[in-house]
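**Q** This is the structure I want to talk about, given as structure tokens.
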Amino acid sequence: MQCYNVLWSVLEMSFTLRLLVSCGDCYHGRLLLIWSQSVRSLSSGPRISRSLRESYRLLQLPDEGSSSPVQVKEAYLRLAKLYHPDSGVPTADAVLFARVEEAYRAVLAHQSKVKQLSGEKEAEAEDEDKSRGAALQHRHYLSYEGVGTGTPSQRERQYRQIRVDRASEQVLNYRQQEHERAAAGEGALVERDMRQRSRKIKITQAVERLVEDLIQESMARGDFRNLSGAGKPLNKFEHNPYADPMTHNLNRILVDNGYQPPWVVTQRDIREATAQIRNRLLDGQARLSDPVTPRESREWEELCASVEEELVKLNKLVDNYNLIVPMLSMQMVHFSLSREIECAVKGARQRRLQQQTERERERERRKEEKKRANAAVMTKNRKHGLVSWMQNLLR
């Protein structure tokens with residue numbers, strides 16, 4: 001019924017417009033413009049479909065669309081608490097909740113579309129009022145929205161500049177609205193992060209420009225003309241002529257600044273952990289006496305249990321190292337407790353032999369020192385006896 005009424009009104013307006021065009025009066029021309037706009041508004045007015053009405057009815061909202069987005073959200077939350085399958089209430093229904101969610105999205109889309117259409121109509125009406133108020137009644141100023149002075153070409157250039165300024169202002173306003181919308185949606189923390197990030201970028205760019213200016217000034221003064229090796233070929237790649245200069249320079253910069261690749265750091269950690277475990281096993285094995293006492297046996301078993309737990313962690317570290325090492329020949333095998341104990345037993349035996357050898361050497365050295373001391377005393381006594389005999393003889 002509503003469609004028939006709109007169609008009838010359009011037919012009446014078209015008939016009236018034909019009469020006004022035939023008259024050719026200026027006043028009638030203005031009426032023609034106003035009625036054409038009314039026809040456009042009737043033809044482009046929002047129409048609610050049956051599915052959209054069903055969505056409004058499912059959300060328990062009026063069909064006229066007068067409800068605000070806040071009311072729509074409250075209605076959706078209320079129905080979601082009733083029909084959500086994870087709510088745990090007796091009225092939970094997954095199918096009905098899906099329909100409610102679909103209706104909620106359809107109503108939000110309809111409201112945003114209606115809001116956009118109303119905003120466009122208001123903007124068109126405002127622009128039309130501005131153009132009517134600014135346009136002069138003289139025929140010479142009916143073009144270019146009545147902007148500018150001088151010849152038509154000068155006024156055209158002025159009008160283009162005004163349009164450029166207007167477009168840039170609209171772009172700035174749009175960007176400001178987008179920033180405000182993002183800040184309102186994500187919170188003040190995101191906005192602060194954006195300001196800090198932009199500030200860091202500005203500082204970095206300023207530093208780069210300053211360094212570049214200093215370099216250019218130094219080049220202009222000739223500070224780089226007396227460098228050692230100027231005009232001579234670089235000899236940095238004699239060890240490997242097939243190396244990439246860029247890769248070599250990057251690696252050299254990283255090494256000079258103390259950077260190490262992850263696999264190098266992991267290899268160092270594995271090496272340090274292995275040395276610590278082996279030293280503990282070696283010290284524990286060296287403390288055992290030849291007939292092992294029960295207490296020493298119990299301490300050794302506890303040490304082996306703790307070392308086994310550390311070896312499990314060390315083997316995980318070895319797996320990570322094998323995944324990131326650049327060459328297959330540098331990969332490692334897992335550490336075994338039995339092999340480490342065997343190495344500790346051999347090391348303890350060698351240490352005992354070495355200590356025994358050192359003790360024997362120390363004993364021999366002491367014997368030699370004692371012999372030398374005795375020989376020195378005997379020589380001294382002989383000299384003293386000879387001197388005393390000669391003194392007695394002279395007397």
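Using N, Cα and C of the backbone, Cβ positions are placed for all residues, glycine too.
No curator has checked TrEMBL annotations; they are predicted automatically.
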**Q** In TrEMBL, one of 116-137, 138-159 is tagged region 'Disordered'. Which stretch would that be?
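**A** Based on what TrEMBL states, region 'Disordered' spans 116-137.
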**Q** I need to check the long-range neighbours of the region 'Disordered' (350-375): which residues 6 or more away from its ends have a CB within less than 8 Å of a CB in the stretch?
**A** 282, 286
**Q** If I take every residue in the domain 'J' (54-112) and average their pLDDT values, what number comes out?
**A** 80
**Q** DSSP-wise, what's the residue breakdown of the compositional bias 'Basic and acidic residues' (357-372) into helix, strand and coil?
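**A** Split into helix, strand and coil, the compositional bias 'Basic and acidic residues' (357-372) gives 16 helix, 0 strand, 0 coil.
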